[in-house]
Amino acid sequence: MEMNGVNKTSEGMEGDPKIKFLLDGGDLLKVRSSNWKKTRYYKLQEDCKTMWQESKKTFKSKQTFSLDEIAAVTLGRQSEGLKKYTEEQVEGRCFSIMFKGRRRNLDLIASSEEEARQWVNSLEKLITHMSNLSPQQKTEHWILACLRKADKNKDEKLSQSELKNFLRLINIEVDDDYAEMIFKKCDKSKSGYLSGQEIEHFYDLLTHREEINVIYGTYAKTAGFMTPENLVEFLMKEQREKATLAEAHRIIENHEPDENVKAKKLLSIDGFIMYMHHPEAMLLNSDHQEVYQDMSQPLNHYFISSSHNTYLMEDQLKGPSSTEAYVRALLKGCRCVELDCWDGSDGEPLIYHGFTLTSRILFKDVIKAIKENAFTTSEYPVIISLENHCSVEQQKVMAHHMNSILGSALITAPLEDKMPTDFPSPEELKGKFLIKGKRLNKLEASYRAEVEAELTDVTEEEESNDEDEEKEKEKSKKKKLKLAKELSDMVIYFKSVHFNGFEDAMKNLSFYEMSSFKEGKAVGFSEESANLFVRHNVHKVSRIYPAGSRTNSSNYNPVPLWNAGCQLVALNFQTPCSEMDVNQGRFLINGKSGYVLKPAFMRDIATEFDPITLTRGDWLKHKMLHVMIISAQQLPKLNKKKSSIVDPMVTVEIYGVPADVAKKETHTVENNGFNPSWNESFQFDVYVPDLALVRFMVEDHDSTSDNEFIGQYTLPFNSLKMGYRHVPLLNKNGDRLPSAGLFVHIMVVDAK
C-alpha cells in the first residue's frame, strides 16, 4: 500500500549505511541464562521502526520491539545478565538493549567486536533520528502502519470489512451506516474497495482537525493562506507571545511543507498544524526546556531530584536489587541516589535492603554503574547517600572503591583551601560526586592539624536516625557506630546528624550537618511548624524518605515537603504512581538537570512564608487559571481485544500550597480514542504560583470499577504557555506515548 510519506521514520536517512545494516539484519546470540543462549536473526522492518526476530530452529518470525520502547543501548558486558552469564573474553562482542518501563533487558552477543559496534551505533543513530521527528511525522507514520495492518490480504486495497478493521485499530468505533457512508465517499471508482488516491482521501478525512481548521480560518485572510502578518496577529492575540515578522518568516521557513507555498512566504493549513505540534509551540514553555535558572546559588537553595532505596527494582521485602535500577534513576535525572551497604562474605561490601529477602549486588559494581551513567541526562552533581552498616574493614574497602572508580570527580575536600561557610553551587560542582554519610568529627577539625594527627578509627555515639537501623529494634536508643577514617574523611558537605529541634539546629549545627526525616515526622513539621521548617531549609539540607511500612514501594506526596523548602525529597523511582508523575513534572524544567531553584521567599533566612496560613508576602500572587479541554488525539487502546474502544475523560489537577489544591473533570466521551472532543472549560484560583504544578490526566471511564489510567502530563504552573496548545501524554512509567496528546486552551490572568 504505497502512499506519499509512507516511511516518514527514515526520512532524511535514505541510503544511510547504518539503516541498510539494520534492514539487512544479522545473526546474534540471545542470552537469558548460563544455559539459555540461542541464535536469533534480528532485522529492522521496512517501517524503520520495528525489530523482528526469527528462530533458526523453527524459522518462525515475530515482532519483538519498537524502537520507541528503547531507553538505552550499551556496548560491552554492562548489564547484570551479561556479567553473570558470559565470560570476560567476549566483552567487546556483547551489547544490551535496555527498555523503558519494566521490560527485561535484551542481552546479545555479536560474531565480532566490529559487528557489535555496528549494531550499537546504528541503533543509536536511528533512535536519535526518530526522537527528532515532529509529532506530525510520527502521526502519519502511525496511521499508515495501521492501514497496512488492516489490509488483510495484502492486495494494497481496502475492502469495506478491512476499513472497519482499520477503524478499530486506530481506536475509533464507527457504526455500520457511518462506515458505509465514509467508504462510499472515498470510493470514487465505485469498485467496492479503496486504493491509491482513494486511500489518501480516506487518510485526509481521518487526519482532519476541525478545531484547528476553525482557528486557522480566522487568521488565514489571503486566499485561504496565512501571511507572516496574519501569523504575527495569531501569535500575539491568541498565544499571548511577543512575535515579530522575522519570527513569522522563520516559522514558515521551518514548518511549511509545500515548497510553492513557502516560496510565496505563506503558511498553509498543513504547515500550521505542523507548527502547532512542534515543541516550541506546545504547552511547556520551550525556554524552560534548557537550563535557564541561576545555577550559581548555594546547593541547598535548590530542590534536588532524589531517590530512595535506589537499588530496588520492585518492592522492599523480596524484590531484586540491581545496578540497572541506578541507571534508570540517573537517566531520569535523579541527582541523589541511596546505597544500603552491608558486609559481604568475601571482604567485598554488598548493597541490599537489610533484614529482608531482596537480592544482593556488589558495592563496587554500583559505583561503576553510577560513574558510567551519572552525567548522561544532567551534568550537575550527584549525591551518593550512604546507609552504612559495614564493619570498619569493609568501610575501608568502600572508600578505596570510590576513590579508585570515581577518581578526581569525587569531592574529598572543600573546594576552597579554607574552611567553607556555605555550600558551593551546582555550577561549581558540575561533573562531581558528593558523599552524604556519617563523619567522625566536625569538618572544622580538619583545619586544626594537631587534632587531625591524633584521629584514628574511633567510636562515635549517636542516636540512630537511619531507616534501616530503626528496624533493628535495639533495646537502647543509643547506637555505637564505628567509622573508618578513610570513609569519614570523604564526607564534606553532607554530614548526617540526628535532629534535636529547629532551635538546636540553628544554634549548634554547621551548615553541612543535615538530618533525614521519615515522611510522617516531616509532614508533621510541614503542617505544625511550617515557617520554622522553611527557615531551617534556608541554611541546612533536609532529606525526607518513605515510611518503613511502605513495603510495596509505594510513595508519599512530595508537594507538602517542597512547600516546606525540603531539598532531598526521596521517592521510590521504581514505582509508577501519581507521586512520581508529580516529581517528574517538578523536574521537567531547567534542562531536566535535577536541580530546580527554590523561589526567592524560600531562600531568605528571615522569611515569614508559611504554606498553611499564607500570611501576606511576596509569595501571594493570586492568579486565575482558565483551562479549556478541547480534544484529544490517538489515545492508545488499553485492552487489546478487537472490540474494545476507550471511553476517555480528562482530569485537571492543581498541586501546591493547600489553598491551591483542586481537581476538576470533564464528561466522558463514549467509544472514541482517536479524536474525542470535550470543549469543557474550568477555572482555578492559584495563590502561590511559584510552588504550583498543573497535571492533566486522561482515563478510560468505567462505570462498574475504577477508571483505567491512559496517560498524563504534569508541569510547573509558571512554565505554562497561554493560548491554543498541544499537550504530550506520558505513560505510567513516565515515557512519552508516541502519537497521543491533548489539545487545550490556557489563559492566566491576575485575579481581581
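Even glycines carry a Cβ here, placed using N, Cα and C.
As annotated by TrEMBL, domain 'PH' applies to 21-128.
What TrEMBL records for 30-57, K436, K438, S516, R543 is substrate binding site. Taking Cβ-Cβ distances under 8 Å and a sequence separation of 6 or more, the neighbours of S34 (substrate binding site) in its chain are K84, Y85.
Just so you know, the Cβ of S189 (O-linked glycosylation site) picks up 12 other Cβ atoms within 10 Å once every protein chain is counted. Residues annotated as O-linked glycosylation site in TrEMBL: S189.
Non-local neighbourhood of H308 (active site): E338, Y545, P546, A570, L571, N572, F573, each in the same chain, at least six residues away, with C-beta under 8 Å from its C-beta. For H308 (among others), the entry in TrEMBL reads active site.
As annotated by TrEMBL, Ca(2+) 3 binding site applies to N309, E338, D340, E387.
Under the heading active site, TrEMBL lists H353 (among others). The Cβ neighbour count for H353 (active site), using a 10 Å radius over every protein chain in view, is 25.
The annotation compositional bias 'Acidic residues' is assigned in TrEMBL to 454-471.
The domain 'C2' annotation in TrEMBL covers 606-731.
The Ca(2+) 4 binding site annotation in TrEMBL covers I645, D647, N671.
In the shown protein chains, 11 other C-beta atoms lie within 10 A of the C-beta of D702 (Ca(2+) 5 binding site). Here TrEMBL flags D700, D702 as Ca(2+) 5 binding site.
Here the candidates are the recorded positions S189, N309, D700. The one whose C-alpha lies nearest to that of K38 (substrate binding site) is N309. Ranking the binding-site residues T50, K436, I645 by Cα distance from S189 (O-linked glycosylation site) puts I645 first. Within 10 Å of the C-beta of N671 (Ca(2+) 4 binding site) there are 16 other C-beta atoms, taking all protein chains into account. Within 10 Å of D340 (Ca(2+) 3 binding site), judged by CA to CA distance, lie the following recorded positions from the set H353, D647, D700: H353.
Put simply, D702 is the one of the recorded positions E46, E54, H353, D702 whose Cα lies nearest to the Cα of D647 (Ca(2+) 4 binding site). Residue counts for the domain 'C2' (606-731) by DSSP state, with H, G and I taken as helix and E and B as strand, are 9 helix, 60 strand, 57 coil. Here N309 (Ca(2+) 3 binding site) is compared against the binding-site residues E46, E54, N671, D702, and the shortest C-alpha distance is to D702. Residues in the domain 'PH' (21-128) partition by DSSP class (helix H, G, I; strand E, B; coil) as 35 helix, 42 strand, 31 coil. Taking the Cα atom of each, E54 (substrate binding site) and I645 (Ca(2+) 4 binding site) are about 32 angstrom apart.
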